[in-house]
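Novice: I have a structure I would like to understand better, so I am pasting it below and will then ask my questions one at a time.
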Amino acid sequence: MALRSSGSRKLSFEILSKNKYLEGGGPSLIYQSSSDPFQSQNGGNPSRHNRKKKKHKKRKDSTTDLPIIAEDLVDKQRGSSGGSVLAESKSENYGSRDNGNVNRISYVGGGSVVVLEESVCQNVCGFGELRQRNVNGVVAGGGDDMETVAARADESVVEVSSSKEPFPPVAPQSMANGNVVNTLKTSESLDWKRVMAEDPNYLYTVDKSPLKYFLDEMHYGNSLRNTTTLGSEKERERVYDTIFRLPWRCEVLISVGFFICFDSFLSLLTIMPTRVLITFWRLLTTRQFKWPSAAELCDFGCFLVLACGVIVLGRTDISLIYHMIRGQGTIKLYVVYNVWEIFDKLCQRFGGDVLETLFNSAEGLANCSQENMGFWIRRFVSDQALTMAFSILHSFILLAQAITLSTCIVAHNNALFALLVSNNFAEIKSNVFKRFSRDNIHSLAYSDSVERFHISACLLFVLAQNILEAEGPWFESFLFNAFVVFVCEMLIDIIKHSFLAKFNDIKPIAYSEFLEDLCKQTLNIQTEDCKKNLTFVPLAPACVVIRVLTPVYAAHLPCSPLAWRFFWILVLISMTYIMLTSLKVMIGMGLQKHATCTYQSII
């Protein structure tokens, strides 16, 4: 660096020799350590006597305030020569910055300025000193590196700081993890103090008499305003949505879904057998085998499942199951009903997938080539066996649920009310206090429609059992119990969906949109998402209803010769078919009309 050049040293001493403080014998501005390189290169090593004299003079003048060399002089000399200036100044700053002193040593060379700053701080507890050195450099020339310059400056600083006297002790302050804790009053405390100062009525309760406290409460209002918030127009709309608007739309949606399930059930009992009979009649009349279409294969598969389910359930002893369930206690009775209901819901969700698999295999078998015929036949047969086994299992579960409900209705120990209370409030508890998305609520509304249809099938089973076994006036009692069950189911569905919509921020317009999707399904309009469609498999309810109504028809047949008996069987089947077909046409046309009007009004 330029600090070692002889020209720089001469220029530095020329500048300092012109200073009025040096000429006038004032206090010296330059403090050199014993390792100062400037003297060793100019005139040899100084004597020990001179070094002691300088050190004694530094101790003597350590308490005096020294002026700082003006930067203009240094800058002016830098512009004229390439020398270096070693300058040191100290200033005592008590309490202005960290309660300490700042000592600054500046090395000004040719194109380079090095400032070493020492901060001597009094410890907060008055036990010692804390020194901090900062080296700031701007290097523009060659020569010694910055570390050498900082080391030389450090030696001078040690000599200067060793002569300083300790600062007066500072009063100790509160500490928290080594930091000074400043206690500040929050805005809340200041506001509270201001309120207390302005209004003397806001005194502490302990300072009031009971009479004064009661009069203040009468004057300033009751405590209910402290535990509630002011309502808004939005909150008012939410209240009326929960009480009036949403229950109506929810009940319309579930009722339409119920009639769609009923229409599908009637189609299974009327349309599907008719299509199968037409197919067999064409085969017998033409006597030419024609490969069936996908729809005909689906009809044949459903007819086979229905026939097998009715035959297997016909072998079941209903009276034995009835007495086994009736022998249980009241608590076990509604627990058993809940178990059957859970399995019924699981079968509802899985039954749709099984039937879709069968229809897919039927589609593939109808459109396959001759090379893949064997593969698709094996696949269709395996899917048919799976659908048949699953439908029979679901039929047994639904039959057991119907027998349990019949046992509760017939019992005289209020078992029906215990069943309704436990089942319905358990349903509210398991659904209302959970987070549901919009799609989940959509699926839940469809599930409630299917559940309501299954309850209707169970009530039809109870009616058939009363026709066969009841004695005395039983019809009024049955109507009352059926009405209670149906009304309780409606109320529970309304309460459940109202609070689900409230807790999950679902507007009543959402149920109108669900109804729109249901109308599209009724009109066979393809939707973007197939998951928005109502999924219902009527095979298990149809098996149970046929199994229950068969003994009723058999009990009213005449005990005549076989031909006459067969004639009455045909008459009863024909009358039932006509009634079911008429009902199916009425419900189907009503659904079509409602779906068209609703869809057009929305569009």
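Just so it is clear, glycine is given a Cβ too, placed from its N, Cα and C backbone atoms.
Annotations per TrEMBL:
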type: REGION; residues: 26-99; note: region 'Disordered'
type: COMPBIAS; residues: 30-47; note: compositional bias 'Polar residues'
type: COMPBIAS; residues: 48-60; note: compositional bias 'Basic residues'
type: TRANSMEM; residues: 252-271; note: transmembrane segment
type: TRANSMEM; residues: 291-314; note: transmembrane segment
type: TRANSMEM; residues: 385-403; note: transmembrane segment
type: TRANSMEM; residues: 474-492; note: transmembrane segment
type: TRANSMEM; residues: 534-556; note: transmembrane segment
type: TRANSMEM; residues: 562-583; note: transmembrane segment
Novice: Determine which residues of the chain contact the transmembrane segment (385-403) at the Cβ level, with the cut-off under 8 Å and only residues 6 or more beyond its ends counted.
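Specialist: Here the qualifying positions are 301, 304-305, 308-309, 312-313, 316, 318, 321-322, 325, 337, 340-341, 343-344, 347, 350-351, 354-355, 357-358, 454, 457-458, 461-462, 537, 539-541, 543-544, 547-548.
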Novice: Quickly jot the same-chain residues contacting the transmembrane segment (291-314) by Cβ under 8 Å, restricted to those at least six beyond its ends, or write none.
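Specialist: Residues packing against the transmembrane segment (291-314) from afar: 268, 272-273, 275-276, 279, 358-359, 362-363, 365-367, 380, 384, 387-388, 391-392, 395-396, 399, 539-540, 542-544, 546-547, 550.
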Novice: Restricting to the same chain and to residues at least six past its boundaries, which positions have a Cβ under 8 Å from a Cβ of the transmembrane segment (534-556)?
Specialist: 257, 260-261, 264-265, 267-269, 302, 305-306, 309-310, 313-314, 316, 347-348, 351-352, 354-355, 391-392, 394-395, 397-399, 402, 446, 449-450, 453-454, 457, 460-461, 464-465, 467-468, 518, 521, 569, 572
